[in-house]
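Student: Below: one structure in structure tokens.
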Amino acid sequence: MSGSITMHSTSPHDGAFMDPLAGARHVFHNLSAGELVEHALLQGGAHLSDGGALMVDTAEHTGRSVRDKFIVDEPASTSDIWWGEVNQPMAPAHFQNLRARAEDHLRGGVVYVQDVFAGADPQYRIAVRLVTDSAWHALFARNMFIRPTPQEHEGFAPHYTIIHAPGLQAVPAQDGTHGGTAIVLSLEQKSIVIVGTRYAGEIKKAVFTLMNWLLPQHGVLPMHCSANIGEGGDVAVFFGLSGTGKTTLSSDPSRRLIGDDEHGWSAHGIFNFEGGCYAKAIGLDRDREPAIWRASTCFGAILENVASQDGVIDFDDGSRTENTRSCYPIEFIDHIQPDGCGGIARHVVMLTADAFGVLPPLSRLTPQQAMYHFMTGYTAKVAGTEKGLGATPQATFSTCFGAPFLPRPPEVYGAMLRSLIEEHGVACWLVNTGWTGGPCSTGQRMSLAHTRRLLNAALGGELDAAGFEEDGYFGLLIPTEVQGVPSGILRPRQAWDDARAYARAAGELLDMFAKNDELKRKAAARDL
Ligand SMILES: Nc1ncnc2c1ncn2[C@@H]1O[C@H](COP(=O)(O)OP(=O)(O)O)[C@@H](O)[C@H]1O
Ligand SMILES: C=C(OP(=O)(O)O)C(=O)O
Ligand SMILES: [Mn+2]
């Protein structure tokens with residue numbers, strides 16, 4: 001590997017397409033946050049909260065459209081793609097159509113251009129240009145990615161361009177899509193097209209997919225995780241699927257936040273891909289999560305699908321969706337690592353929100369167990385929209401805690417993590433941020449205070465000399481005592497009133513893991 005790596009082998013604009021902006025009526029380049037807020041209000045469909053946060057509505061798409069994501073099937077770039085359910089091929093001719101129509105659509109009106117970077121480590125950074133007709137999505141990109149300095153803006157040459165036309169519907173017969181929505185990556189043409197959805201998370205996760213494609217060729221492991229750094233410079237990464245606590249737990253007043261969702265692990269250490277956070281806002285409570293609450297409610301923040309009355313935010317209202325979101329630049333959090341870079345991770349934490357209430361709140365993993373849980377990627381959600389009584393939990397297995405974002409086969413990422421854990425003697429932990437004392441219908445959500453205390457004990461070295469005992473089902477090592485947490489909580493069997501009900505639930509969860517292992521074995525045999 002050379003000193004300065006070129007993440008982009010050909011010239012930024014390879015001439016395959018016209019400048020997407022040529023002929024556009026009004027083009028606004030790199031407006032400030034204040035200007036974008038003004039434009040968003042004028043464009044309509046947005047208003048300010050009493051504290052100044054921009055409140056927007058995404059209409060029917062309130063989450064990612066997993067089935068509508070495509071990678072263009074281009075021979076030079078796609079031989080290493082993990083084709084299948086996650087990565088569906090799109091014919092180059094279809095992409096050509098779709099992109100041309102998206103550009104035409106944008107040319108017809110007002111266009112916002114935001115130039116940003118992904119990758120805090122300059123060596124592995126890509127320059128990304130978002131072209132959109134929606135001012136608040138331009139603000140989203142400005143908040144979420146790394147904002148160039150004035151000098152960096154001069155001569156900014158995008159390596160990748162995102163054509164974002166949320167109001168345009170794809171046409172399946174012409175564009176090769178399933179319906180009106182499409183998120184399409186062309187690795188060869190260095191271009192991403194997003195149509196038919198206003199959910200802003202598509203923008204950041206499309207760039208994440210791109211980083212997941214690019215970085216392994218440079219010996220860097222891309223990860224769906226948050227990261228922070230302790231007083232002594234010790235770095236921890238927190239893997240986990242959506243809603244397991246990456247954002248919440250990484251902003252901890254006693255540790256500096258590196259980032260809340262996407263990181264790379266290079267020979268120098270951990271670096272954020274982003275410059276902002278995208279927190280789940282449902283139930284956001286001022287007292288329980290003061291840092292995220294403050295960041296989410298001030299001018300410059302965007303609140304997606306959050307309800308309000310006369311400007312007063314109601315974070316408890318999930319009537320539009322449970323997946324309400326807040327988006328803010330990382331500087332809105334007090335304790336951050338300003339350059340977005342830390343050293344080699346000393347701790348790897350795997351978060352799971354176990355709605356069956358079976359897994360211990362904290363357990364230590366051997367390197368082998370850590371790899372098993374990484375390749376398995378378990379979490380369990382409450383099914384449907386009605387939470388609480390009677391709801392049945394739904395197990396989810398998403399390999400590498402991020403299958404929807406992996407363009408390469410999972411083993412590529414697994415092998416890299418395995419060698420990093422071995423090489424650096426990394427301590428590994430499994431944390432259940434889900435339920436305790438029963439499944440979600442009868443148990444309680446793990447207290448955030450307990451989860452934070454357990455993590456601080458693990459990361460701060462308090463548990464180095466602690467006693468551990470096996471859980472009896474998963475071979476997990478549970479600390480027998482942690483200051484500040486009742487011992488009855490540490491062992492899930494004791495947290496349940498009915499020991500037999502616990503045994504049954506644990507057995508059932510083990511079966512679900514075994515079924516998933518079997519499915520993976522079959523899929524691997526098919527691919528041989
Ligand atoms: N013990 C807990 N640990 C972490 N999060 C919890 C816990 N209890 C409740 N929560 C809630 O779960 C949600 C976790 O969401 P978030 O941190 O945004 O997840 P992610 O970033 O992994 O998608 C938040 O709404 C948080 O308040
Ligand atoms: C942005 C997302 O990720 P997360 O929930 O992991 O923050 C998402 O799933 O749309
Ligand atoms: Mn998050």
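The backbone N, Cα and C atoms fix where each Cβ goes, glycine too.
A TrEMBL annotation is a machine prediction, not a hand-curated record.
It should be emphasised that the depicted structure is a prediction, and the values quoted were computed from it without experimental measurement.
Pasting the relevant annotations from TrEMBL:
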type    : residues                                                                                                       : note
BINDING : Arg64, Tyr199, Lys205, Arg325                                                                                  : substrate binding site
BINDING : Lys205, His224, Asp261                                                                                         : Mn(2+) binding site
BINDING : Lys205, His224, Gly240, Leu241, Ser242, Gly243, Thr244, Gly245, Lys246, Thr247, Thr248, Glu289, Arg325, Thr451 : ATP binding site
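For each listed feature, how buried is it and what is near it?
Tutor: Long-range Cβ neighbours of Tyr199 (substrate binding site) (same chain, at least 6 residues apart, Cβ-Cβ under 8 Å): Thr58, His61, Thr62, Gly63, Arg64, Ser65, Glu304. According to DSSP, Tyr199 (substrate binding site) sits in a coil region rather than a helix or strand.
All protein chains included, Asp261 (Mn(2+) binding site) registers 28 other Cβ atoms within 10 Å of its own Cβ.
In the three-state DSSP assignment, the secondary structure recorded for Lys246 (ATP binding site) is helix.
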Student: Suppose we screen the binding-site residues His224, Ser242, Thr248 by Cβ distance to ligand 1 with a cut-off under 6 Å; which survive, in sequence order?
Tutor: Ser242, Thr248
Student: Rounded to a whole number, how many Å is the Cα of Lys205 (substrate binding site) away from the Cα of His224 (Mn(2+) binding site)?
Tutor: 10
Student: Kindly point out which of the binding-site residues Thr244, Lys246, Asp261, Arg325 have a C-beta less than 6 Å from some atom of ligand 3.
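Tutor: So the answer is Lys246, Asp261.
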Student: Under 8 Å between C-beta atoms and at least six apart in sequence, can you list the same-chain neighbours of His224 (Mn(2+) binding site), or say none if there are none?
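Tutor: Sequence-distant Cβ neighbours: Phe208, Phe239, Gly240, Leu241, Asp261, Glu262, Cys400, Phe401, Gly402, Phe405.
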Student: Rank the binding-site residues Ser242, Thr248 by the number of other Cβ atoms within 10 Å of each Cβ, and give the residue at the low end.
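Tutor: Checked Ser242, Thr248; of these binding-site residues, fewest Cβ neighbours within 10 Å: Ser242.
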Student: Looking only at DSSP and grouping its letters into three states, which state does Lys205 (substrate binding site) belong to?
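Tutor: In three-state terms, Lys205 (substrate binding site) counts as helix.
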Student: When you measure from each Cβ to the nearest atom of ligand 2, which of the binding-site residues His224, Ser242, Thr244, Thr248, Asp261 fall under 6 angstroms?
Tutor: Ser242, Asp261
